[in-house]
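Inspection log for the structure reproduced underneath, given as structure tokens.
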Amino acid sequence: MESRFIKAERDTKLKLNYDAGNIISPKVHSVGVLALGSYLENHGPVLPIDTDIKIASYLALNASIKTGAKFIGTVYPATEYPYVKHGIHVSVKDLIENIVSIMKLANKYIGIDKSVIVNAHGGNLPLKKHINVIERETGMKIVMNNKIVEIEGPHAGSGETSLGYVIGIADVERMNEIDFKKYPEIGMVGLKSARKLNKKIDEGAKIVEKEGVKINPKLGRKLLNIALNDIINDIKHLIRMDKNETK
């Protein structure tokens, strides 16, 4: 699948400076980094409803800056387990269609042929089973990075709130408004169906019930660094794959 970008470069005999700038390899220009989170989801009074996509975007853009890979934007919709009621979401099928559309445009206009999807929303985890569908539809190699979801802890808990504080989206003055009855989505403490049907959600809710929600800047920075390094490793892995395929 030849992109419009590659055809234009060939037809005009234009030579782009692929080796310019602070990049890890000239081959990194064919790697896209796409942020996936959730734009419409309650996180209590301290964090905004688009917390997940802002965390994903922060990580994706910083990984792009540190490696030279191309930040190709954000995915608008998100999916969720049917028993988790704290936001507005779509089906996995609709999510896949949206991602495929973005990937095809990235290939067509800027020559992206492999991508890392940086996910910061636990409800998007079912997408992992369908990455092969996206690869088949786009002709790309796709890696889905869920590291921040794996390490941040319960929804709107201390980990995620600390992340939000570090990147500048938390309203610290509203910490005293945290109330599990008024904001049942915090730690998913008040989401009874979700707790009943998902053991991990229930375990996380119990931790938040016991320990509350606290802001720890050191923890927030640590979580961001772990996730960022993991994303960078995925980008490097895709470049190595590209080198192996061209041997």
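Placed from the backbone N, Cα and C atoms, the Cβ positions cover glycine too.
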According to Swiss-Prot, which candidate in HIS29, HIS89, HIS121 joins GLU41, ASP52 at the Fe cation 1 site: HIS121
Chain-internal residues, separated by at least six, CB under 8 A from ASP52 (Fe cation 1 binding site): GLY37, SER38, GLU41, ALA78, ALA120, HIS121
Residues within 8 Å of the GLU41, ASP52, HIS121 Cβ centre (excluding the Fe cation 1 site residues themselves): GLY37, SER38, TYR39, ASP50, THR51, ILE53, ALA78, GLY87, ALA120, GLY122, GLY123, ASN124
Tertiary neighbours of HIS43 (Fe cation 2 binding site) (same chain, Cβ under 8 Å, six or more apart): ILE49, THR51, HIS155, ALA156, GLU160, GLY164, GLU185, ILE186
